[in-house]
Structure formats: structure tokens, C-alpha cells
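Peer 1: Dropping a structure here in C-alpha cells format, bear with me for questions.
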Amino acid sequence: MNKMSPLYVLALCCLATTVFAKYDCTNNGGYGCKYGGTCHFYGFCICPKGFQGEDCGLKTELISTAANCTAECKNGGTCYESDRCYCPHGFIGDMCEIPDTVARCAPDRMIIEAYRPLGFVGEVYMFQNRKSCALKQVPSDIRDMMKLERVVLHSDKTECALTRTPDTPKLGDVTMKTTVVSTHNYNQFGPRDSIMDVSCVHTNSFQGSTKEITETAFPFRMVALDMNGEPVQALAANESIILQFEPVGIPDVRGVMVEYLEVYSINANSNEVVSKTIIENGCVLRTAQQHLEIPIRNYSEMXRQGTSWVARSAMRAFILLPGDHCYSSLDYASVPEVPR
């Protein structure tokens, strides 16, 4: 049995402000009426008896009552066949939990995602430029849907750059925002197309009270060592360093290993965040070694006292942002027995 103790230094959340257009069966590319429904001139479906929904895709007799439904349909989804959800236009996913156009946050970038029907023949792009800021098709993780995506770095200085608003919505927060255009026909914008705002919020994780934490309250001890095993406080770039972690104050735990290690720096003036994931699922990422141009090892070995196994991440000191401190986000896995 593994006991995980995640420690997160940087808090991220994703907020999307989206204006959804109504379903319009006159649009090209997979927006018709199903099961013999008739598309009205004004864009709504006239469904045959026994069917309902914006595209007539829901058979009335299959709709489940609240007592018979085991699915938690969100965003106005309708439960049918006890455990399935029929989603309104603008939402997808098994539980209708995913907006069809949304932004996700990463420490240094925004990922804009748009899901459209497989027959979609239109375009999705950032409003600044239809061609150079377009979302491109990528492999989809939603069945029977096409996925379009664009990754924009927070530091992007091109015409596709994001709008940055500090201290929004709260003091210390930073909101990254852009406007996305979705059309149903290539190189055309009509009254049935949509324009929507999407945004990501970096929440302020630096406010709080100072509190002394004992070894009993804090389950692991971390120390930075030089190659001779002596503690260090500061290093020059490219000097060897070992980050050592050992369990303290947890009964029956005989060892620890690093499952995930991410380092990042925050520019003191612009709040720009630069991050690099070094270890994931206990393995050193080759891309991190190549990008940082340093050797990295992640391993466990017996402590000097011979009573427990300690985790060690060995590398050379490096700089992400000149003049700014490095921070870390870590996941540890504790081992209840000494490995044999």
C-alpha cells in the first residue's frame, strides 16, 4: 500500500467565459436533424413523434426518471438508459461536463480546445488573425467528435499574444484571456457563427500566515547536499547537487521515493512563470535532460543509519529565469516496508 503526500507550490485553475450559440440545423458539417427530423428555415429541428432534443437525437421512451438514473448529468444534460447523458448544444463528454470550446491552463501557457462534429467544415481561430492564429486539428479524446487545439505561451509576443490582466479577479491573481471565433463555413462569418471569450486564472498562492511545522506534522525532510553529502545553501550554475528526501514521524513507513518533480521560476516584475517538469511517474524525463543540458538521476538508497530508504534526485544546478529564485512542486510516494 502506497501513501501519497502531494505538495503543490503553485495553484492553477482554469476558468472559461463562453457564449454558446444555439443549435442551428442549417449549419454545414454535422448539425442536421436525426431520426427523420425536419430542419426548419430558422434553424431548429421539428422532431417526429417519440424523439426530442435539439437534433432529435433523444428517444423519448429511453429517458430515465431521477429515481432510475445513476448518471450525474451536468450543464442541463438529460439522463437516459439509466446511466447515459444526452448533452445540450455546447457541451460534450460522458456527463456533459466539457464545454465544446474552452481554455486549459498550464504554468507557462494556455491550451485552447474546441470540439466539433466529425463533419465540421468551418474554422476556429483566435480573433487576431484567421490564418496565423488558427486552431489545428489534433487527435480527439472524445468519441465521434473532432478536436481542434492551439497552444499559446504566456510570453508570446506575436499577433496571437494573450491579454494579461493582473490582480483579477482577486489581488495577486493574473488572468490570461483571448477571444475565439468559430465559423461553420471556411473563410466566412455569418449570423449563425459565434465569438466567445476564454480565460485562465493563475490564483495567488503566496498569501498566507507563517506557521512553524514540526517534523511530526510534516511527513518528509528535504535537504540539499553536495557530492560529498554535506548540506549546501546555495550553488553556482552547473555545480552538482543532490535533493534528498526522507520520511519522518510516520509510523511503519520505511522509505520514500520521488514520483513527480517540477521546478519553476516567477519573474518578480512581470509575474511570468517558466516551469520544467523533471520527473514524472518516478522516471526522469529525457526531454528535461535535453532542454536543461544536465544529467539527472532519480533513485532511492539506504540512509546512513540503515533504518530507512531515502529518495535522491541528483542533478546540476541550473537557472530558469536569471535573477529569480527556483521553486518546486513535488509528489512523494512513501513505502511501508523496506524494499528487498
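In case you wondered, yes, glycine gets a Cβ from its N, Cα and C as well.
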Peer 1: With reference to Swiss-Prot, which of the candidate residues Cys85, Cys87 participates in the disulphide bond with Cys73?
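Peer 2: Of the candidates Cys85, Cys87, the one Swiss-Prot pairs with Cys73 is Cys85.
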Peer 1: When you check Swiss-Prot, which of Cys39, Cys56 turns out to share a disulphide bond with Cys47?
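Peer 2: Disulfide mapping in Swiss-Prot sends Cys47 to Cys56.
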Peer 1: In Swiss-Prot, Cys96 sits in a disulfide bond; tell me which of Cys79, Cys87 is on the other end.
Peer 2: Cys87
Peer 1: Taking each of Cys25, Cys33, Cys39 in turn, which of these disulfide-bonded residues have a Cα lying within 10 angstroms of the Cα of Cys47 (disulfide bond)?
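Peer 2: Of everything listed, what lies within 10 Å of Cys47 (disulfide bond) (Cα to Cα) is Cys33, Cys39.
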Peer 1: Want to know which disulfide-bonded residues, from Cys69, Cys73, Cys79, Cys85, Cys87, Cys96, are within 10 Å of Cys25 (disulfide bond) at Cα; which are they?
Peer 2: none
Peer 1: Restricting to the same chain and to sequence separations of six or more, state which residues have a Cβ under 8 Å from that of Cys33 (disulfide bond).
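Peer 2: Within the chain, Cys33 (disulfide bond) has Cβ neighbours under 8 Å at Cys25, Cys39, Cys45, Ile46, Cys47, Asp55, Cys56.
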Peer 1: Including all protein chains shown, what's the count of other C-beta atoms within 10 A of the C-beta of Cys73 (disulfide bond)?
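Peer 2: By my count, 21.
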Peer 1: Round to the nearest Å and give the CA-to-CA distance linking Cys79 (disulfide bond) with Cys85 (disulfide bond).
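Peer 2: It is 5 Å, counting Cα to Cα.
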Peer 1: Pop the Cα-Cα gap between Cys69 (disulfide bond) and Cys87 (disulfide bond) into the table, whole Å please.
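Peer 2: Each residue's Cα considered, Cys87 (disulfide bond) and Cys69 (disulfide bond) end up 15 Å apart.
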